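Enquirer: Here it is, the structure in full.
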Amino acid sequence: MPPPAVAAADASPATHTDSTSTSTSTSTSTSSQSSSNALDAVNARPQPPPETKESLWLRRSVILSFWAVVVLLGLPVWWRTTAIYRADLPLQGMTDWADGKSCKPVFPLRIAVEAPLSPQEAHHLLRTTQHALDDLNEFSAHHLRLMLADPPLPANASQQVVSDGIGSTRSDEDIALSIRLIPVETGTTPRSTLQPYSPTLDVYYMPNQIPSASSTGSPLATYIAQELHKIFAEEQALLASLLFSTSGVHTAKIKSLSAETAAELKRQSTRALKYAPTYHLTFSLFTPTFAPSGWDIESALQQYLTPLLESFSAISNFTVDTQVQLYATFSPSIHQPEYDEDLRSWSLRKEDLSGFINAAEWPLSPSIGKGPTVNFVLFVPDQNQSPLLVKENGGNSWLIPQWGGVFILNPPRDSDTPRILGKEALTPAFHTFSNQLLSLLGLPQTPASLPLRLSTLKRVRAASLIFSASSTLGALARLYQALPSIPVPDTVAKSVDLTTSHLQQACDHLREGRFQGALEHARTAEAAAEKAFFERSMVGQVYFPDEHKVAVYMPLLGPVAVPLVMAALKELKSIISGLRK
Amino acid sequence: MALDQQQALLFGVAAAVRLLLFTAFPSLPSLLAGRVEVSTPVTSFKRLQEGLFLYTHNVSPYDGGVFHQAPLLLPLFSLLPNPSYHPFATNVVFTVVDLLSAYALAQVAESGQAAVTRLFTSSRKDLRWSSAAIAAGFLFNPFTVATCVARSTSALTNLCILTAMAKASQGASITFILAISFASYLALHPILLFPPLALLCYDTRTARTKHAPNPWMFAILHTLGLAVASGALLVVSAVLTGSWDFLAATYGVRLLLPDLTPNVGLWWYFFTEMFDSFREFFLGVFWLHVASYMPGLTIRLYRQPLFVATTLTGIFAIFTPYPSIADASLYLSLVPLFRHLFPVMRYTFLASSSILYTSFLGPAFYHLWIYAGSGNANFFYAITLVWSLGLSVIVGDSLYAALRDELDVDRPELRGKEVKRI
């Protein structure tokens, strides 16, 4: 290869090649040049003159100016706008929570004993009962601790004062159950009754059943221990199955959980709605005709529902709305009611109950506001299709798991359907609705005392919220590690900190037996954990692998970059070759 | 005086045409003001009226999220009677704005800076149109007329840009700085015109006063002047609206493109399709793309600063976020100043036919998309692509012609020959 010509004067037949090192080349077809060049033009293509200093300088500064924009402005813009901000998360702590290492939930229940005994006798009774109780207990996390009621009753207090109970029971909500020992002379002893509307167990005994200071066991102590164990059996089973299903830590310690109990618990938990701080209750009156067109719902709610909801207020809040729908027809998908001669009633088949709610036409909105909606449907059948009952068992109400309940209110025979349903007419319906609401909220079936069941529910909810928030934290930690390309804003880190601090407090409260506080902290922790996990700005780039970035950058920036890079390379080459010479 | 008579006649006819259109077709202004080709979110007269209503009712004009124009327009237009009932005064204002723009353009043409500058004299310098013809090209350009009738505030921006060019080509530094800072204040991107126009101003000052002013002093003084004038405008605006919120509502909207109303530019479609996480990055890329032409062109064609400024207005008409036909009309009216380049341009037919083609098909396709529902966004976007292509062909071709013209001067022996860039 001949060296590239650098000046037109070098042009000769020997270097008659295409030279591409200079800026312009001219065609040789016309000859407006001077006559001295004409001969050359015939023989050889004249080489273009060298670039002037000025044009060289101009070209380089133009290229430099484009590069300056790219480097000085473009690169910072690229860096600023595509950097992925990832806040630091306490990953180890989050994983510890999810693995149950940070908190082993324990449920120390305090049981106050009021005994009209001398302090020594009372202490001894307590000790022996505690021994018997500990022997019975198989589930170490759930622990019943007996203590004397504070202030201890004087031994000579009259029975009247004790059974009255006002002056003696400590109004401490951390006391799970109070036992009142009541000496009696008659009847089988020892015997006990559980107060249905207060957390109190009355135990009747004969004074000679008090264990003497020397004996190590007594029938009264054993009896009390067994009663307590029975009362808290379902709660223990619930908590044990919860621990078993979520963490698996305590598996070895649960032996008492039989298959039937487990199945029953599972059935109950599938019925119940997921826990929410606020539930929305909708009461609907449906009738296929024009009557009844009204109901005395306000006072019925006031009388039957408000006390119940108030007792739940420590666990959840409720909002209530009601509606009346006339001319509401059955869903066409089910069999229409048939007349049953034997029962002298119209009957619905059991398998049609699930399709009874005419979801297409009845205005039962799935959710109003934040919380889940619980629907209660009161259906008043047509006069000529009345009474309407379930064929198989003659019942008139049923529960729809995680949705609500239905009650068929058959109008009285031999009279027209009343235009307005009074409070008395609604009574059976509201008793049923109350029971349905209790099972929908996951309230355990036993024991018979409502406050005890509520406090059980409180503990179960607190534990399940702690587990749920912990596992959300663990999932977030795994997400953080698995997807290094997602941005993590500071709000997520803040929510995580909030979650862990509230979880810790909830756990501490549990350990100290303050279950109301534990539930409140667990609720906050759960809300914060959900907020952190479902942060909207994190998910934008989840399904955006790095290869896609090529497709984003190349179509526009590629064509721009090629001439820039080529021009820069060419200039660099010519500068280097100029330096070598 | 024949020329003056000619100009007076020209201006009279142009004003008469505009006022006739306003009065003969009373619904035409609001029809045109609603067209996306004419009114963009940052220049629309309807949005100005909305801001004006809020302003006169002592509410911050930017609270509604509709008005994105400079705050100083508000006291100006609040002096006029309400255009919904008494549109005549507003119509006269916009007509006068057009006439003033044409006058400034005529001054630019008379200065002769297009073909003969201090450092460069075109070999075809005698090939030029009279200033009246160029002003007529501006005044009777259908795009200009449509902008005027739609009462788009980009007419004001165009006036400021043309005045800045006229004053720069006369070497009047102070008025030039005032005009360019007004233009930048109204529309932000004209600030990129400052370096080439300052160069033009320097050239004319040097040619006029014999002893050249110190270029560094000149640059520093003019930059300072621009900063002071723009700063004063912004401070007055802040005092007027009571807060600095207007910055986000005016320049923030131009920079960040929150309003994706279709227009004749290329941005809106691109950013409707954009992944959210890359939006900011590509906003930066697009803006840098617009800005990156300025230094390169100014350096390469430093001997023809007026041509650089003209080419930049063409680039603005293509690549800014909210272009309209008003920006195109400015560029297309400035191109005839360079009549001497026309013989060297190669694709005039292609460019002019694609501009014509899109001028007719654009509204039709927009109608198909929005009103008839038988088309989709791609119809209109394809037309805006062709429109931008047509304008880019003119820009590129004129650039080529300008370079060729410089080459003809540097190397007279190559004149008329085919050249090849290597």
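Using the three backbone atoms N, Cα and C, a Cβ is placed for every residue, glycine included.
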Enquirer: Look up transmembrane segment in TrEMBL and report which of B:6-27, B:314-335 it refers to.
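Expert: So the range that TrEMBL calls transmembrane segment is B:314-335.
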Enquirer: Cβ pairs under 8 Å only, please: of the recorded stretches B:127-152, B:172-195, B:216-240, B:378-403, which one is richest in them relative to the transmembrane segment (B:246-269)?
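Expert: Ranked by Cβ pairs under 8 Å, first place goes to B:378-403.
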Enquirer: Which one of these stretches, B:85-106, B:172-195, B:216-240, B:378-403, has the most C-beta pairs shorter than 8 Å to the transmembrane segment (B:127-152)?
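Expert: When the Cβ pairs under 8 Å are tallied, B:85-106 comes out ahead.
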Enquirer: Are the transmembrane segment (B:216-240) and the transmembrane segment (B:172-195) close, by which I mean at least 3 Cβ pairs under 8 Å that are 6+ residues apart in sequence?
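Expert: Yes, the transmembrane segment (B:216-240) and the transmembrane segment (B:172-195) are in contact.
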Enquirer: Is it the case that the transmembrane segment (B:172-195) and the transmembrane segment (B:85-106) have 3 or more CB pairs under 8 Å, with pairs at least 6 apart in sequence?
Expert: no
